[in-house]
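What Swiss-Prot records for this protein:
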{"type": "SIGNAL", "residues": "1-35", "note": "signal peptide"}
{"type": "DOMAIN", "residues": "36-149", "note": "domain 'Ig-like V-type 1'"}
{"type": "TOPO_DOM", "residues": "36-257", "note": "topological domain 'Extracellular'"}
{"type": "DISULFID", "residues": "Cys59-Cys133", "note": "disulfide bond"}
{"type": "DOMAIN", "residues": "152-241", "note": "domain 'Ig-like V-type 2'"}
{"type": "DISULFID", "residues": "Cys173-Cys227", "note": "disulfide bond"}
{"type": "TRANSMEM", "residues": "258-278", "note": "transmembrane segment"}
{"type": "DOMAIN", "residues": "307-506", "note": "domain 'B30.2/SPRY'"}
Amino acid sequence: MADFSVFLGFLKQIPRCLSIFFTYLLFLQLWEVNSDKVWVLGPEESILARVGEAVEFPCRLSSYQDAEHMEIRWFRAQVSNVVYLYQEPQGRSSLQMAQFRNRTLFEAYDIAEGSVNLHILKVLPSDEGRYGCRFLSDNFSGEATWELEVAGSGSDPHISLQGFSGEGIQLQCSSSGWYPKPKVQWRGHQGQCLSPESEAITQNAQGLFSLETSVIVRGGAHSNVSCIIQNPLLPQKKEFVIQIADVFLPRMSPWKKAFVGTLVVLPLSLIVLTMLALRYFYKLRSFQEKQVKQGEEVREKLQTELDWRRSEGQAEWRAAQQYAADVTLDPATAHPSLEVSNNGKTVSSRLGVPSIAAGDPQRFSEQTCVLSRERFSSGRHYWEVHVGRRSRWFLGACLESVERSGPARLSPAAGYWVMGLWNRCEYFVLDPHRVALALRVPPRRIGVLLDYEAGKLSFFNVSDGSHIFSFTDTFSGALRAYLRPRAHDGSEHPDPMTICSLPVRGPQVLEENDNDNWLQPYEPLDPAWAVNEAVS
């Protein structure tokens, strides 16, 4: 009887098992369908453009597909507002919005791979808003959208003396050419905020803002006054400082007491006022001459400090060269769009994109980069990379264990210590946020020094021997040199990136010798190259 009860319980469980089995089959089918889905990728974050400059709108398909026969449309706010329309064999301008005519530049270098770019020239404040791009064919339609923010930094503020007002002197600060509406502040010599007497901000036909604001400075209150104007979208501000001697500030109380007397002796009062005015203008002239002299002294001091820092950076670069290492590139890690030379020193972009063997754990599938064969887990190592005249690149070092099957943020938190160039002149690092780098001389060759035990990775401009930037971190694994030539370089035949051959030296300390050419900043040997360097 007990066996019969067990058999009945087994029969009750059969429908439940079948339900789980069919649910599992349906999940596998849905996963297989979604795995082949293609979508459109645009900028991941809002784009900030400056007034009068150009801005780039990149757009691509999530997988390599030929988009040459597709309709590609950039639009504003809605699809019907056409910014640019690509339709084989060439873009059509009849549907283009009037404000964008003769201001767009279409790049189709990688259209066979599903990647295109649109440049909008001479950005205006009215260009601010939401944009998008759409790919359209007989069997596919997809789009991506993003925000464009526009910012304009106006002219340097100017403070003018408007005259005496009540119990003090009235100053006026003016500036123009700002977007969006700027913020303005008056501050005293101790940094305290001063309440403005008046403030007027106007907007011209081009959408740019001009401002005029005034403040009254009273006797004994401030030895100097500054006018500060800041753009809310840019991390910079413009400031003008004027110094006022207390003797020039009117004191109304004694004047009020003497008012009756001046009415009686009006001619004498006029003489006294004339003498005071002459004294005021004489003091003002002396003050201006003193300000000019002080400005020249400050400039000389800053130039001396700059020269000292430059010589200090060159000494650090010279010391780094004694740790020169023979670094070569590993073709097994290179992205399929890159080609590594036979000697392992040069990497360049190739036209065709070969297929990648499935499950290859060494090769990068998304990042167009390549790693070195050498692995560094101790000691100091120095190498140099010739970047030529490329307008975009990244280089540095990364952990050997970084993920290679998808995109990555090139910051120390993800295992990357690199610097980069964007749009020919924007040098920066991610530490962890974007940090802009100011370089006096555009580098054609970058030196990299890795001090593993000290947790330090430094970059040098070999063109003038100056120090650029240093990461300080704690390394937790083997590091490899990292090179990433950007595919969208902006030139038809961009220069390759090359790891330079350096004389490998022992650990001995180099002596200072200004006549040792090997230690001097890098100078090109090709006369034609040298001429181009001078022109640039």
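A Cβ is built for glycine as well, from the same backbone N, Cα and C atoms used for every other residue.
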Cys59 (disulfide bond), number of other Cβ atoms within 10 Å: 25
Overall pLDDT for the domain 'Ig-like V-type 2' (152-241), taken as the rounded mean: 86
Within the domain 'Ig-like V-type 2' (152-241), residues counted as helix, strand or coil by DSSP: 0 helix, 56 strand, 34 coil
Cα distance (Å, whole number) from Cys133 (disulfide bond) to Cys227 (disulfide bond): 43
C-beta crowding around Cys173 (disulfide bond), within 10 angstroms: 25
In the chain carrying Cys133 (disulfide bond), residues 6 or more apart in sequence that have Cβ under 8 angstroms from it: Val40, Gly42, Phe57, Cys59, Ile72, Arg73, Trp74, Phe75, Leu118, Glu143, Ala144
Composition by DSSP (helix, strand, coil) of residues within the domain 'Ig-like V-type 1' (36-149): 9 helix, 56 strand, 49 coil
Cys227 (disulfide bond), number of other Cβ atoms within 10 Å: 27
